[in-house]
Protein chains: 2
Amino acid sequence: MAEKIPKPVSKRLVSYYMCLERLIDEGVEVVSSEELAKRLDLKASQIRKDLSYFGEFGKRGVGYNVEHLYNAIGEILGVKKEWKLVVVGAGNIGRAIANYAVMREKGFRIVGIFDNDPSKIGKEVAPGLIVKDVSDLERFVREEGAEIGVIAVPADHAQGVAERLEKCGILGILNFAPVKIKVSVPVENIDITAALRVLTFEIVRRSR
Amino acid sequence: MAEKIPKPVSKRLVSYYMCLERLIDEGVEVVSSEELAKRLDLKASQIRKDLSYFGEFGKRGVGYNVEHLYNAIGEILGVKKEWKLVVVGAGNIGRAIANYAVMREKGFRIVGIFDNDPSKIGKEVAPGLIVKDVSDLERFVREEGAEIGVIAVPADHAQGVAERLEKCGILGILNFAPVKIKVSVPVENIDITAALRVLTFEIVRRSR
């Protein structure tokens, strides 16, 4: 079933999951598709349709049991206790990621951070996390069983790092470098400058 | 014309723009839609269709003049010499943004960074950038003519900060807090945990 889910649906599933997480924190037990729609700025009909991919979770006129739906979507998403991440690049972005507590809370644990700059290697950049020489990357990934690689190196090094990560068995890549990388494992890109370009385009468009 | 461009097209326009920027750096003068497609992992027909929104830029069998297309898309996107940004939140993400050289190179200049934590206020977190008390945010934005607000505060403070930014005249918001914010100005979200959830969903899906 999960094989057929289109990308926009999987992105929305993630947003439902995160919204339900907040609802649980707020002590909410039952939620309607209308309330979810309001919180997520989507149409209720869209939400009902998406969730119908996975069978019926809601009761008409009553709503969805928050915890049940949360667990069901979590299972679909393959949420597990812990994913092990390595960060390549100990510059500003790499260090920020290494210190980003929210990730840890959500089950994404940084097990190693790497750089090729001798002035950075050996420095502790987050509690318990000392920058290692990137020449040690492959051995470390294999020994630690790291699953996700975070690329936080300059654009012209990103493809090379991605290929090294792929070869040593990394299952997926989160790429902060402002460049498209080509590997056979899944990649998610976070491009801050691109987001700013989309934002300013929207600003200019509204002012016209 | 620009008013009618759908969001996915505007995102692709941004990616064309950034790709053309790299081509200029590489000294490439003419590019075919096929070469652009290869670099961006899109279909050449898609690219030709997108660019046809803005009139004919390419010559059949020759390709696009890189610099001309770059400037034309830049004009559509409202690229200008400099946008002034304020960052709210001087934690790990806020400080990383303040130090992110690529943004400055692309015309996004951080003019101020704010926090409510007395232990952070007064500290220099990037060259020439001293953390200011967030109580001074509105006055500063108005006086400096800042146009973009970057939200790098915890999720439960994001909506409040967004409303303050909107009221003092900010034109758009880049939001790093893992929560949907509701304001009338355009917002672009960068949600690292959500990207990791989409990535791990794809990893799990492929392993099934």
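Including glycine, each Cβ sits where the backbone N, Cα and C put it.
Curation plays no part in TrEMBL annotations; they are all automatic predictions.
What TrEMBL records for this protein:
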- B:15-54: DNA-binding region (DNA_BIND)
- B:Gly89, B:Ala90, B:Gly91, B:Asn92, B:Ile93, B:Gly94: NAD(+) binding site (BINDING)
- B:78-180: domain 'CoA-binding' (DOMAIN)
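Annotated features taken from TrEMBL, shown on the structure.
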residue	record	Cβ within 10 Å
B:Gly89	NAD(+) binding site	27
B:Ala90	NAD(+) binding site	27
B:Gly91	NAD(+) binding site	19
B:Asn92	NAD(+) binding site	19
B:Ile93	NAD(+) binding site	25
B:Gly94	NAD(+) binding site	26
Summary of DSSP states over the DNA-binding region (B:15-54), given as helix, strand and coil counts: 28 helix, 2 strand, 10 coil
Residue distribution over DSSP helix, strand and coil in the domain 'CoA-binding' (B:78-180): 36 helix, 30 strand, 37 coil
